[in-house]
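Trainee: Pasting a structure here, questions to come.
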């Protein structure tokens, strides 16, 4: 299964989600291919330092992450597209109408609930850890089946 994880800038939530799902895919020995992108990302940015620290503290390294701008080819290649917010989901479907059957907000896909994962950008390490933990719970549900 090919999973595309999307947030706004591809420097905070989606790189954390990508790193976490890759880690959990190995842990649960599932065949999940993961990549991430941002709706308004600039190609070539690094993950934010607090995102790197938040994952490093649980043994996941995303220090080599490079941001990617979302494009149609990514959507086409993915089996599932997971967003951090409902607004991001709607923006993708509006821009790529044929994707409507495979784009979900993360918490809806994992738990069937409409709950955005708040953007920790510019916040404290604690804000990033809170986002990390919420993303981790959802990704573990997905990876464990």
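Each residue, glycine too, has its Cβ placed from N, Cα and C.
Annotations per TrEMBL:
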{"type": "DOMAIN", "residues": "1-145", "note": "domain 'Phosphotyrosine protein phosphatase I'"}
{"type": "ACT_SITE", "residues": "7", "note": "active site, nucleophile"}
{"type": "ACT_SITE", "residues": "13", "note": "active site, nucleophile"}
{"type": "ACT_SITE", "residues": "119", "note": "active site, proton donor"}
Trainee: Measuring Cα to Cα, how many angstrom lie between residue 13 (active site, nucleophile) and the residue listed as 'active site, proton donor'?
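Mentor: About 7 Å separate the Cα atoms of these two residues.
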Trainee: Could you give the number of helix, strand and coil residues in the domain 'Phosphotyrosine protein phosphatase I' (1-145) as assigned by DSSP?
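Mentor: Result for the domain 'Phosphotyrosine protein phosphatase I' (1-145), in helix, strand, coil order: 68 helix, 22 strand, 55 coil.
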Trainee: Tell me, what is the mean pLDDT of the domain 'Phosphotyrosine protein phosphatase I' (1-145)?
Mentor: 98
Trainee: Could you state the whole-number distance in Å separating the C-alpha atoms of residue 7 (active site, nucleophile) and the residue listed as 'active site, proton donor'?
Mentor: 9
Trainee: By a simple count, how many Cβ atoms lie within 10 Å of the Cβ of residue 119 (active site, proton donor), its own Cβ left out?
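Mentor: Excluding its own Cβ, the number within 10 Å is 16.
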Trainee: Across all chains shown, how many C-beta atoms besides its own are within 10 angstroms of the C-beta of residue 7 (active site, nucleophile)?
Mentor: 30
